[in-house]
């Protein structure tokens, strides 16, 4: 039985359980719903929950576990002679393909179930048979592989049957248990609400666990990298010259410098413009103007960064070259430069800074403004001396968030800043960033055992720590000052 | 204020500070103040009393044009300060507010030090030429608001860290530091406990020597204690205006009597 059918059946049974539970609760109170501890729908939900949740949980675990178990049991039955030339993983993927092919053949009616089970690789050309139903195999099917595939099918079938039986039993058991304890004094509402609490908790922990998983995958690969490449040379090396032939110099500093330089230019663009826009929108603009301008600014935040990258490559870069290039000032060689990427990234960050700062400025209590106006201060004096100081921690937080966004940005850098890692102060030279190099180290046929590929994880780890640090500082500042002003 | 001398000719009595004629205030469609005529005297505490929503705070906020900050609010009629129309186009509301200070219902110290809170007004109006002079203004204002002894050792501490009563006196110190001619107080004691209220009331009585004070209050006892003149507002109308003892002992209008004796309001 396919698992999606099984899920539908479980849900249908849960719905029936809902009706039964509700009816039983009402019946136990003699039709007087006011005598019930909870609303009737809570009793229904309780039964439905007890029926569906454990069953679907079991289904999920089973779906994950079954292929693993069957794989290992089938793998152990394949004779060593069949694995001699290649490794076990490749053989097993052949087995699974043949097994799937047989499934397709049976479902299309090209073979009966019996045929599929009794096929013999010596007598039938399995590859040709399967090709007829549209399943292409890479090579001829040998006897051990066909046998393993048939074994695989057999075991999968048994497993699925067992799964369906177990799940349905669990549904019935859960429903029976829940209906059994339904009576008018049973606290169904409390049970349902603790169920909802568990659901919310699960969602929160899933997010945290994912983060943890990402960090761990970074950590393991980073450790692997530092086994192959000395730590001090990575952190203090001044040259970035990877070569997949070996003997590469993988210094982190040129990349870090490029990242910081581009981010600083981006923030130098985004912070004043974003902040002034926020001040205008929150303090001066009429409600009508605000309702038009704010969404328009926020559209900037919705533009994919690759589009910004194209803008940098095709518009801003050539524009800068025409001013600072050989025909003009003469300090810019090509369109891809730190300045190009920094300016475009700054534009990208404007809505971040302006939108967050606008919310923060709006949160400054009107009573403070009134107090200032009441003393004869003008609007701009009030903003400079009362509103902005009060909003400052939040604004700093917004800027730091924008900074971590800038540090993590990739596409604009790839297209706008070039690919040369260099330590230079000239903002019109091409440089590159940590993120752009992570991409270039991992694209193509990377051998994951070489330091040249593994360095990407070390870079990612370093970047992660920097942005994490920025976010922690941002949160700390925001919290600390918020306490003082309330 | 505009500094033309022809305005002085319209002055009738020197001791009339504010003179309102046929003042109407609209909040969008809502007619909040209807045809108010009143003359407020200098060096006097005038109390505005009346039930909630009767327009007394709105009228108070007309006196220093704080209603300008509310878009939908429209003021009609004339309000003269020392004989000059404060709603004249030539009047800068910012400078008017330096002359007519305001203390709000809820203490609203700025998130700055106590010193900077008081020095705020003098700084933006350039009242002090030197640091020493500013120090002097700050001390005088804090003494004037009867809070100097409590805060003199911690002028650098944030104003928001004071207790509610202290914060309100700090706000009063801040308001008198700009040397206003009139001080408007919008229910200044409503967020304070009885002891802090008594301190602020005592202070209001002291302030009368130098300023003309207008206070909006919900407490009739407070109005009776601190004011010399009382105005009773009801549903946007100024029902009765007169000497405080007169209003509280022998009101002319029966609505005033009903309110004072607790039958309406």
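Cβ coordinates are placed from backbone N, Cα and C, and glycine is handled just like the others.
Per TrEMBL, the features are:
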- A:41-65: transmembrane segment (TRANSMEM)
- A:158-179: transmembrane segment (TRANSMEM)
- A:199-222: transmembrane segment (TRANSMEM)
- A:256-474: domain 'ABC transmembrane type-1' (DOMAIN)
- A:259-281: transmembrane segment (TRANSMEM)
- A:302-325: transmembrane segment (TRANSMEM)
- A:331-353: transmembrane segment (TRANSMEM)
- A:386-407: transmembrane segment (TRANSMEM)
- A:453-478: transmembrane segment (TRANSMEM)
Cβ-based contact of the transmembrane segment (A:386-407) with the transmembrane segment (A:41-65), 3 or more pairs under 8 Å:
no
List, by number or range, the same-chain residues at least 6 past the transmembrane segment (A:158-179) whose CB is under 8 A from its CB atoms?
1, 3, 6, 9-10, 13-14, 17, 20-21, 24, 46-47, 49-55, 58-59, 62-63, 66, 69-70
For the transmembrane segment (A:41-65), find every same-chain residue at least 6 residues outside the stretch whose CB is under 8 Å from a CB in it, and list them.
3, 6-7, 10-11, 13-15, 17-22, 24-25, 159, 163, 166-168, 170-171, 174-175, 177-179, 182, 186, 188-189, 191-192, 195
